Amino acid sequence: MEAIPVLAGPTGSGKTFLALRLGEEVPVEVVSADATMVYRGLDIGTDKPTPEERARVPHHLVDVLEPHEAMSVARFLALAEEAIAHVLSRGKLPLVVGGTGYYIRALSEGLHDLPPPDPGVQEALWAELEARGLEALLAELARASPEDARRVGKNPRRLVRALEVLRRTGTPPARFPKRPPRFRYKKLVLWPDRAWLFPRLEERAKAQFARGLVEEVRGLLERYPRMPTALQAIGYKEVAGHLLGAYGLEEALERDIRAVKAYAKRQYTWFRHEPGDVVYLPRGGEEAYVGFRDWLRLHFGL
């Protein structure tokens, strides 16, 4: 089977823009690999394509869950592979687009076949995380499996899941057998200079506040006062803290900007070690379109 194209890169590098522009020229359908765009109602803070844009260029795995529903890597993998197969069955080309590196890695490299989650153990671990802190629990995981510790990084949800598996089974996740990937992939990773990206991240955050992010989060908190995982996303968490009285609006914006820059740094680190058939394009946004099209012509005849 021919490979599936993947467009990856740090947040704000222009992935959605490039995919939408490509869709004006080529009959592609986007399969989103974004951990927050799956949620309905999280629109402004995720820079989600509008309904009009998605009507022009079909998107899969966007607006498929309510904010209180959990999205695991295993669930993403099942939904994404199903969407890719569906697009291929209709003679169209799926284009995987996103910056959630662990999702993309699971697609291209396979996923460890772990036991189903145990909500009771996870709840206890969340309480322990609150009491002991992330570093203490991460050190526990690192003693058992440095590979798993590197993989979960500073992500508390992945840390809780890894420790849950370890404590229940005595075996760290990395030692479980892997399910092989269903498709082959070729990846293009946008790699703009940080001096180009970071000012754009600041301007995007300010624009999101101006477009009504605070009102969007207020509405979500009214529906979900217990702050589900979806509302821990960058931007939403910082605005929620403001709305719950922890700090002012200006500080919420400053926290948002710091958080999104830190996330972009982690994405650079992650994608720097991306395995498989990978090309890095040292551009972002509109400047990257020519290189993106050249890559598609070379490898996919588009």
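Just so you know, glycine gets a Cβ as well, placed from its N, Cα and C.
Swiss-Prot has this to say about the protein:
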type: BINDING; residues: GLY9, PRO10, THR11, GLY12, SER13, GLY14, LYS15, THR16; note: ATP binding site
type: BINDING; residues: THR11, GLY12, SER13, GLY14, LYS15, THR16; note: substrate binding site
type: SITE; residues: THR100; note: site 'Interaction with substrate tRNA'
Length of the line joining the Cα atoms of THR16 (ATP binding site) and THR100 (site 'Interaction with substrate tRNA'), in Å: 13
GLY9, PRO10, GLY12, GLY14: which of these binding-site residues has the sparsest Cβ neighbourhood within 10 Å? GLY14
Which of LYS15, THR100 (the recorded positions) has the most other Cβ atoms within 10 Å? LYS15
Which one is it, among the binding-site residues GLY9, GLY12, GLY14, that lies nearest to THR100 (site 'Interaction with substrate tRNA') by Cα separation? GLY9
Count the other Cβ atoms sitting within 10 Å of the Cβ of THR16 (ATP binding site), across every protein chain shown. 24
Let me make sure I understand the structure: which of the binding-site residues listed (THR11, SER13) has the fewest other Cβ atoms within 10 A of its Cβ? THR11
